Amino acid sequence: MSTFLFSLCPSALPTLRLVDGDGNRCQGRVEVRFRSTWGTVCDDGWDAINTDVVCREVGCGLGLELKVGSFFGFGFGPILLDNVRCKGHEDHLTDCFHLGWGGHNCDHNEDVGVICSGADSHGHVCVHQGQWLVGGQHQCEGRVEIFTQAQWGTVCDDSWGLADAQVICRQIGCGEATHAQGEAFFGQGSGTILLDNLKCSGMEASLQECSHIPWNIHNCDHSEDASVTCTLL
């Protein structure tokens, strides 16, 4: 039996994630975060050592396979890293050598992905909680995605409104909420739908403090993913 001790991570939000892995958090396209913006990693020079560093960082054991040529689909937004060369001892992919943030000669058909062995079978796992916006034209608009208990997921648009959007905008360091879009306005997410029937007053410090039905309970599909547009500060 696998045993985990979960606690809230002392650091801020994660700087690396695996996405579009068909519901498996231990496989997918590699995405990194830089200054509140998520982006992809080019597959130039990618090897098994890099894969091991990624899998270890996300708590998913050993690297089994590296996947080049956008195996897990094209990403959106900037290509943030290229020619990554890890030695294997690094705690974070961003500790490895690379060309510098945003330096690359790729497009999204070279987005790299990995397949890991699976969640670590023992030890301590810290849990990040937060949310980000995906698929917009800038960091302050997009589909709402929440990270909690080691998984990313979306929010259903049932009862979604400007008060809910305002909580998101404030928490991610953006300005006022101008739109609270539904019906997957910025594209459909993948994986779990984590929250439904949110009812925020607009004063909450985080979306998780708002009234909602229990986690992972919903009557939606991803065609109802909620989105927001906030002003840029």
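Glycine is treated like the rest: Cβ placed from N, Cα and C.
Small disclaimer: the values here were computed from a predicted structure and weren't measured.
Of the listed cysteines (Cys42, Cys55, Cys174), only Cys55 is recorded by TrEMBL as the disulfide partner of Cys116. Candidates considered were Cys169, Cys200, Cys210, Cys220; the recorded disulfide partner of Cys230 in TrEMBL is Cys169. Here the candidates are Cys96, Cys210, Cys220, and TrEMBL names Cys220 as the disulfide partner of Cys156. Looking up Cys106 in TrEMBL gives a disulphide bond to a cysteine among Cys26, Cys42, Cys174, identified as Cys42. Under DSSP, the residues of the domain 'SRCR' (131-231) split into helix, strand and coil as follows: 16 helix, 35 strand, 50 coil. The Cα of Cys210 (disulfide bond) lies closest to that of Cys156, out of the disulfide-bonded residues Cys55, Cys106, Cys156, Cys220.
For Cys86 (disulfide bond), the nearest of the disulfide-bonded residues by C-alpha distance turns out to be Cys42; the candidates were Cys42, Cys116, Cys230. Cys156 (disulfide bond) has Cys230 as its nearest neighbour among the disulfide-bonded residues Cys42, Cys55, Cys96, Cys230, going by CA to CA distance. Here the CA atom of Cys230 (disulfide bond) lies 33 Å from the CA atom of Cys55 (disulfide bond).
Shown for the domain 'SRCR' (16-117): DSSP residue counts in helix, strand and coil, namely 16 helix, 33 strand, 53 coil.
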